[in-house]
Amino acid sequence: GYGHTVPLSDGGKAFCIIYSVIGIPFTLLFLTAVVQRIIVYVTRRPVLYFHIRWGFSKQVVAIIHAILLGFITVSCFFLIPAAIFSVLEDDWNFLESFYFCFISLSTIGLGDYVPGEGYNQKFRELYKIGITCYLLLGLIAMLVVLETFCELHELKKFRKLFYVKKDKEEDQVHIMEHDQLSFSSISDQAASMKDDQKANEPFVTSQSPTSNDSSLNN
């Protein structure tokens, strides 16, 4: 929030807290879902197309694509809007307009520069709606670019340096203990099954060999 419009009453402040607690997670979920769907068509499919169709290296294509996408995003959401704001806002130069774009799309929002606050601003309501759409689209574009750069193989290797490494010896000990427990349980089950089979077998009386011989003589 820019901070130029704030609630003054206690009820307004309480509503602002509740609204923020509910609204911020849903906004993040919405942006995440939109970015995950856009990046399939903007990043993954084009890189895969050039890799399969033209036989280029996937890593090289991904790097070139990320650089081009970053350049297009900076041009469309920073440089061009900064030039437009410098024309529409009477007391803003190009640097101040670019500063507003960067502070807004980076979600910092200091509030020292707010467009559409002049007294002689024409079509103020339409201008505010256009700024809102610009900020929403620009934020999505920034997240898409960041996600594209995060999928680069080089950055993935760099991120692995900060991962917490697991102790392999402890993992092996846990695996051996699990195997021993499973083996002992299997052996116990096999022994119990054998005992049950012996108990269920019918009792057969064995005849002595002398009785068999006497019956053959007779």
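Glycine is treated like the rest: Cβ placed from N, Cα and C.
For 203-218, the entry in TrEMBL reads compositional bias 'Polar residues'.
The average pLDDT computed over the domain 'Potassium channel' (1-38) stands at 89. Sequence annotations record features per position, and here TrEMBL assigns domain 'Potassium channel' to 1-38 (among others).
Positions annotated as domain 'Potassium channel' by TrEMBL: 74-150 (among others). For the domain 'Potassium channel' (74-150), residue counts in helix, strand and coil come to 54 helix, 0 strand, 23 coil, using DSSP.
The annotation region 'Disordered' is assigned in TrEMBL to 188-218.
Annotation comment: TrEMBL describes 17-39 (among others) as transmembrane segment. Taking Cβ pairs closer than 8 Å, the transmembrane segment (17-39) reaches residues 139-140, 143-144, 147-148 in its own chain, all 6 or more past its ends.
Sequence-distant neighbours of the transmembrane segment (60-85) (same chain, 6+ residues past either end, Cβ-Cβ under 8 Å): 42-43, 46-47, 50-51, 92, 94, 97-98, 100-102, 105, 115, 134, 137-138, 141-142, 144-145, 148-149, 151-154. Here TrEMBL flags 60-85 (among others) as transmembrane segment.
For 97-114 (among others), the entry in TrEMBL reads transmembrane segment.
Taken from TrEMBL, the feature transmembrane segment applies to 126-146 (among others). Same-chain neighbours of the transmembrane segment (126-146): 31, 34-35, 38-39, 42-43, 66, 69-70, 73, 76-77, 81, 88, 101, 104-107, 115-116, counting only residues six or more beyond its ends whose CB sits under 8 Å from a CB of the stretch.
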*So how many of the residues in the domain 'Potassium channel' (1-38) end up helix, strand or coil by DSSP?*
29 helix, 0 strand, 9 coil
